[in-house]
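One structure is given below, encoded as structure tokens.
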Amino acid sequence: YGILMNCCCRTRRPELGLAFFGRVLRMGLRTNVVVATTVLQCLCGAKRTDEAVDILLHRMSELGCVPDDFSYNIVLKSLCDDSRSQRALDLLRMWENERGVCSPNVYTYNTVIHGFFKEGEVSKACNLFHEMAQKGVPPNVVTYSLTIDALCKARAMDKAQLFLRQMIHKGVRPNNVTYNVMIHGYCTLGQWKEAGKMFREMTRQGLIPDIVTWTSFMASLCKHGRTKEAAEFFDSMTAKGHKPDLVMYHVLLHGYATEGCFADMINLFNSMATKGTRSVSRCMDLFNSNICTLQNG
DNA sequence: ATAGGGTTAG
């Protein structure tokens with residue numbers, strides 16, 4: 001019945017899963033941590049976080065199963081998504097004090113750090129960043145990436161750059177996400193030259209820019225009144241058979257709309273039905289030449 | 001079974 005619960009949860013019918021779970025309990029069937037955690041996922045997916053907290057803290061032990069790290073992390077994420085990261089931190093503290101079989105792991109810290117950054121609680125996020133390392137949970141590529149992202153969004157590109165160097169120094173390899181947030185940060189500020197540097201560093205590491213790299217590049221062009229260049233980039237992409245996704249269309253459509261290019265909008269709208277491929281790896285040279293053009297112009 | 005990146009509308 002765990003599988004059935006999971007289905008209810010994933011098909012966005014949490015109430016079905018919960019009703020079913022209630023029946024299972026009334027029938028006197030035993031449950032275990034995995035199934036109980038699926039119930040937590042159901043509740044959190046239905047934005048019923050408080051009930052999930054209640055089950056986590058009280059009902060699970062009544063049912064004879066001890067919450068594990070997955071159970072906690074799912075509820076913590078839900079609290080953070082509700083912009084209640086401080087409540088999440090309180091729960092994390094309770095968990096630590098229980099001194100049970102498991103303790104907060106890298107997922108836990110990443111979840112709450114991300115929550116604090118999202119709420120603008122920068123110092124609380126930074127405190128946790130330092131705390132996790134002290135407690136023997138080293139920050140990983142996700143921790144660094146979300147921290148760098150927060151710095152970029154605060155327009156603190158120098159600090160973001162320092163964190164990037166620090167992670168490399170500590171042996172944590174940046175990935176696409178890491179470089180994408182850096183490139184996005186520089187492009188947003190119109191610092192095309194710096195963005196180009198990041199792009200080259202990224203490819204030098206053997207990383208292949210993806211649809212997110214291209215989309216944020218195009219969006220920045222549009223925001224700087226250079227929709228025409230974004231459109232050219234887009235056209236050369238599609239001409240090579242790469243299939244843009246919905247977000248990319250939105251970006252360009254919005255760019256056209258802003259500049260009053262309604263005929264182009266209609267054309268693009270009609271071409272959305274055209275087929276293409278998903279691969280974007282061959283866009284690298286395109287991006288490179290675009291960046292070069294921008295630097296020279 | 002859990003964590004991070006791109007867009008728009010209002």
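Cβ from N, Cα, C; glycine included.
Unlike curated entries, TrEMBL annotations are predicted automatically.
Residues annotated as repeat 'PPR' in TrEMBL: A:1-31 (among others).
Each residue in the repeat 'PPR' (A:32-67) has a pLDDT score, and their mean in this model is 90. As annotated by TrEMBL, repeat 'PPR' applies to A:32-67 (among others).
Applying DSSP to the repeat 'PPR' (A:105-139) sorts its residues as follows: 26 helix, 0 strand, 9 coil. According to TrEMBL, the feature repeat 'PPR' maps to A:105-139 (among others).
Within its own chain, the repeat 'PPR' (A:140-174) has Cβ neighbours under 8 Å at 106, 109-110, 113-114, 117, 122, 125, 129, 132, 181-182, 184-186, 188-189, 191, 194, 202, 205, 207, counting only residues six or more beyond its boundaries. Per TrEMBL, repeat 'PPR' is recorded for A:140-174 (among others).
For A:175-209 (among others), the entry in TrEMBL reads repeat 'PPR'. DSSP states for the repeat 'PPR' (A:175-209), grouped as helix (H, G, I), strand (E, B) and coil, give 26 helix, 0 strand, 9 coil.
The repeat 'PPR' feature in TrEMBL is assigned to A:210-244 (among others).
Counting only same-chain residues 6+ beyond the ends of the repeat 'PPR' (A:245-279), those with a CB under 8 A from a CB of the stretch are 211, 214-215, 218-219, 221-222, 225, 227, 230-231, 234, 238. TrEMBL lists A:245-279 (among others) with the feature repeat 'PPR'.
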